[in-house]
Amino acid sequence: MPTPSHLKNPLCFDFRAARRVPETHAWPGLDDHPVVDGGGGGGEDAVPVVDVGAGDAAARVARAAEQWGAFLLVGHGVPAALLSRVEERVARVFSLPASEKMRAVRGPGEPCGYGSPPISSFFSKLMWSEGYTFSPSSLRSELRRLWPKSGDDYLLFCDVMEEFHKEMRRLADELLRLFLRALGLTGEEVAGVEAERRIGERMTATVHLNWYPRCPEPRRALGLIAHTDSGFFTFVLQSLVPGLQLFRRGPDRWVAVPAVAGAFVVNVGDLFHILTNGRFHSVYHRAVVNRDRDRVSLGYFLGPPPDAEVAPLPEAVPAGRSPAYRAVTWPEYMAVRKKAFATGGSALKMVSTDAAAAADEHDDVAAAADVHA
């Protein structure tokens, strides 16, 4: 019997034609933990909201990063009309014929291009999604792979994404200042100025586009496996179709992030967890799919350049204590993370200097990773 095409190349799988979820895409254990609503109401599972311009923004960032590792960001000043155009262009990319998208397929070890989620290579099951990754610094050359003859789609996409990148770098710098203020480092102090300069001036950006097609059996499939982001922090722009979920303990549950028009979801990443000595913790999250509507999202990832060592800021280490984590570069940490995926361990534990001092959340969410098998 010939091998099904989606086993030879998962990108050949036709989500639109699927009437059932094949075993290649079926994940066990998706209902092991309840899902609760993270919308308003002020309950303990209401996802924190931070208004960038509010007087207590730094305090709210601190509380959210310490207790959740994520929050909804509003009042950020990125025009709503621009966000609508971004979402429209993202949807357009994934509406292209498969033969055109395959022109830009991401090869083994390549950071940019079209393909399955980058973390999919660590798992035996396939995810109900497609993605496209690019660096804003090489946007126009990268997208020529998708649109080799240029044309209106190419020009519109590049123009919109360049405008979006400019706004997001401004916002990233603003949020970095809030994070540092939340740690007690202000721009009026030498330490605060130096930290902002050292981190902000070399911070790099990567954009990942996601498409989660409607699914005939959404309780058997997963758009994106439970994971933490590896970098500093991520802005997630999601459409008004919900699907992002955050993992919380006590009791174990998934919190469904509400789809709020014009808001970004901010996720703390592992390297920021290290930079803050574990005070601001990275968050396990996943993307689920639904039966009726496609969903698109965009992740704007911030992190250090590959040659920069990331270690706990002195101001984040309690007096009389040693740093909880050793210094690592991003590539070094990704190698550790690959080993952690293979063994079911915690990458943060692997780079900790003292397991007790590290006290990271990742052991607590081990149950959330049961679907890795």
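We count from 1, first residue shown onward.
Here the Cβ of each residue, glycine as well, is placed from N, Cα and C on the backbone.
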With H227, D229 listed by Swiss-Prot as Fe cation-binding, which of these, H165, H285, is given for the same site?
H285
Per Swiss-Prot, what member of Y154, Y212, Y325, Y333 joins R295, S297 in binding 2-oxoglutarate at one site?
Y212
D229 (Fe cation binding site) and Y212 (2-oxoglutarate binding site), distance between Cα atoms, whole Å
19
Which chain neighbours of the Fe cation site, leaving out H227, D229, H285, have a Cβ atom within 8 Å of the mean position of the site's Cβ atoms?
L224, A226, T228, T234, N267, G269, S282, V283, Y284, R286
Per DSSP, to which secondary structure element type does S297 (2-oxoglutarate binding site) belong, with helix, strand and coil as the options?
strand
Quick check: with Y212, R295, S297 left out, which same-chain residues have Cβ atoms within 8 Å of the centroid of the 2-oxoglutarate site Cβ atoms?
S129, N210, W211, G223, Q238, S239, V241, G243, A287, V289, D294, V296
Rank the binding-site residues H227, H285, R295 by the number of other Cβ atoms within 10 Å of each Cβ, and give the residue at the low end.
H227
Can you count the other CB atoms that lie within 10 A of the CB of S297 (2-oxoglutarate binding site)?
25
